[in-house]
Number of protein chains: 2
Amino acid sequence: MQRRKFLRTTGVGAAAAAASGAIAAPAIAQSAPELKWRLASSFPKTLDTIFGASEIFSKYVAEATDNKFQIRLFAAGEIVPGLQVADAVQNGTVEMGHTASYYYVGKDPCFALDCAIPFGLNARQQDAWMNWGGGREAMADFFKDYSIHAMPCGNTGGQMGGWFRKEIKTVDDLKGLKMRTSGFAGEVLSKLGVVPQQIAGGEIYPALEKGTIDAAEWVGPYDDQKLGFNKVAQYYYYPGWWEAGPQLSAYVNLAKWNELPKSYQAILEAAAAKAHTSMLSKYDTQNPKALRELVAAGTKLTPFTAPVLEACYAKANEVYADTMAKNPRFKKIYEPWKQFRGEEVLWFRVVENTLDNFMARLSASNKI
Amino acid sequence: MQRRKFLRTTGVGAAAAAASGAIAAPAIAQSAPELKWRLASSFPKTLDTIFGASEIFSKYVAEATDNKFQIRLFAAGEIVPGLQVADAVQNGTVEMGHTASYYYVGKDPCFALDCAIPFGLNARQQDAWMNWGGGREAMADFFKDYSIHAMPCGNTGGQMGGWFRKEIKTVDDLKGLKMRTSGFAGEVLSKLGVVPQQIAGGEIYPALEKGTIDAAEWVGPYDDQKLGFNKVAQYYYYPGWWEAGPQLSAYVNLAKWNELPKSYQAILEAAAAKAHTSMLSKYDTQNPKALRELVAAGTKLTPFTAPVLEACYAKANEVYADTMAKNPRFKKIYEPWKQFRGEEVLWFRVVENTLDNFMARLSASNKI
């Protein structure tokens, strides 16, 4: 009450109280309350670029609120296991999470559309879908069932296809291949004979070294180099067609979100945008150097052949058809998403690809 | 003082006062003062996607501050002519501006590096340079001389090469061509015989219709369609190699910036990031439909030939060499920028281009 009285004397009381949603949200009646939240990340601190996005996010929230709204970060496993962030936010164990939604395809494949699906949108196209293509609304409707308010909060950019101990020259070479991968990518690859293996980050290296697995995909040059995969597998394939532009998301427990003053909601949304653009551009800055070093140390940078990509694309479409048949909600989001993807690819064919390809040719002939 | 007293009673007074930079910035001693600023845009409201970025920016600032910090927007010409925004911010005529820095190459070519130069960075690479590649620091050092704090605030994505009344099959076809373009692009093209014409947006159509000019570049399908260029020129060329990813910037008068509490600085930075990602993705969503409609109405979508692009690239490098010789500061920023561009293009050649090109081939064969 004292706050209200003060505000009234400065002539903005009524407006501020209304803007803060004080009446609709009695739990937090002040327009600038002191809050201490916990954010559970799905990522270890060693993935410093992804974890760093949550650091940038919480830093901006603290600064924008004169440190009144503090969000404490916990790396994967500190208070919540990395792959249980959605549950923890849903249950209110923590107010917030930072995660990759495709980790939860086991609950519902719709989660993946918030992050990446095979032959999906690149990072910029994903932004377009989320911001103006109906994606944010479609996903909000879905996330409501999990009591989650989800905000785009980072992207890795297109990932690599992973590390292989032998060459993949034909589609047949995929048969029987034991590969660390998961989710939709695993489903697609298993249709071509791959045996997908779910292995946590820290255990990939020994599995690859011992030959327990033949291949493993992780992220991209910067993160892969740190785990030393180049020492135990020679071929570094690209592109990771299952992750053309995987989006990270900041999850807020929906009840907690609704209790926030409008000003804090705006601050969280804007801080997420700051972290979003910052993370992608950090990977884009770090990856070239790491890639150069890997290649200089003997890694064989190898593209998947067109027939391999085409076979994977055909199988991905089978997986989507199967998923739509089983899950009407997936169908409802996927069909307009697919239409949107077609429009984006059409547009990118014109200016972006033409100019990127011209610059690439200059680069290949050392004219840049 | 009453505010301080209130804050102290809630136990956050000292911290808030310290965080707000109250001691360092005596002009605005409150941690959440009421401010009314004016922002002069370089753009008319008809360029609704670009002007819209400033609307998103001011909306988030208002929401984040419970409407305490209000930024009123003025379209080009309302209080400041569109191409004089930098001066108005520098002089303190307005507290803020929203502009494309390359408008000011006449003052110093360094301005262009904040926005776009021929055969420069695409939108994502520009973000990487600004956020982690030293761009923000290099430009801040430059902008200090103009009393401007500049923040990235939007990008159009790669632009089209413009509307031509006749085909450009060879480099010779450029000779004597009167084309609406300006800045570095005009310099490069004039080395190949083009006669660059500086014409304001609203006057391009009649000039093209009458044949006073032979060609004109504006933005991309969405904006170009609104001005009706397709009715007076048949050939729509791509890519606009002089604008691979032009960045818009929000300018704040540096003294005004330094007076702000830290919380407001954080809010402005985060709101600019929100507008930044929002604007690019809006163009990416709007352009495909407009392009389809233009082509359906008879526009001939035509790529510049490789020899034309190569000739322009060679001339661009001459322009940069000339500029470096005359302007040591340009040299100081351009040389590491060029190195950075090389690294970015190298990295994009791997995952991004390969996957984009695969998707483009699917699109071209109607398999998407």
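We count from 1, first residue shown onward.
Backbone N, Cα and C atoms are what each Cβ position is placed from, and that goes for glycine too.
A quick note: this is a predicted structure, and the numbers were derived from the prediction, not measured.
Features reported for this protein in TrEMBL:
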type: BINDING; residues: B:Q159, B:R180, B:E217, B:E243; note: substrate binding site
type: BINDING; residues: B:W218; note: Na(+) binding site
type: SIGNAL; residues: B:1-24; note: signal peptide
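Overlay of TrEMBL feature records on the structure.
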{"residue": "B:Q159", "record": "substrate binding site", "DSSP class": "coil"}
{"residue": "B:R180", "record": "substrate binding site", "DSSP class": "strand"}
{"residue": "B:E217", "record": "substrate binding site", "DSSP class": "coil"}
{"residue": "B:E243", "record": "substrate binding site", "DSSP class": "coil"}
How many whole Å apart are the CA atoms of B:Q159 (substrate binding site) and B:W218 (Na(+) binding site)?
8
Near chain A by Cβ (under 8 Å): which of the binding-site residues B:Q159, B:R180, B:E217, B:W218, B:E243?
B:Q159
Give me the non-local Cβ neighbours of B:R180 (substrate binding site): same chain, 6+ apart in sequence, Cβ-Cβ under 8 Å, ordered along the sequence.
B:G162, B:P196, B:Q197, B:Q198, B:I199, B:I204, B:A207, B:L208, B:I213, B:A215, B:A216, B:E217, B:W218
Lowest local Cβ density (other Cβ within 10 Å) among binding-site residues: B:E217, B:E243:
B:E217
Let's check the environment of B:Q159 (substrate binding site): how many other CB atoms sit within 10 Å of its CB?
26
Can you give me the residues near the recorded substrate site, meaning same chain, not B:Q159, B:R180, B:E217, B:E243 themselves, Cβ no more than 8 Å from the center of the site's Cβ atoms?
B:M160, B:G161, B:G162, B:T181, B:A185, B:A216, B:W218, B:V219, B:G240, B:W242
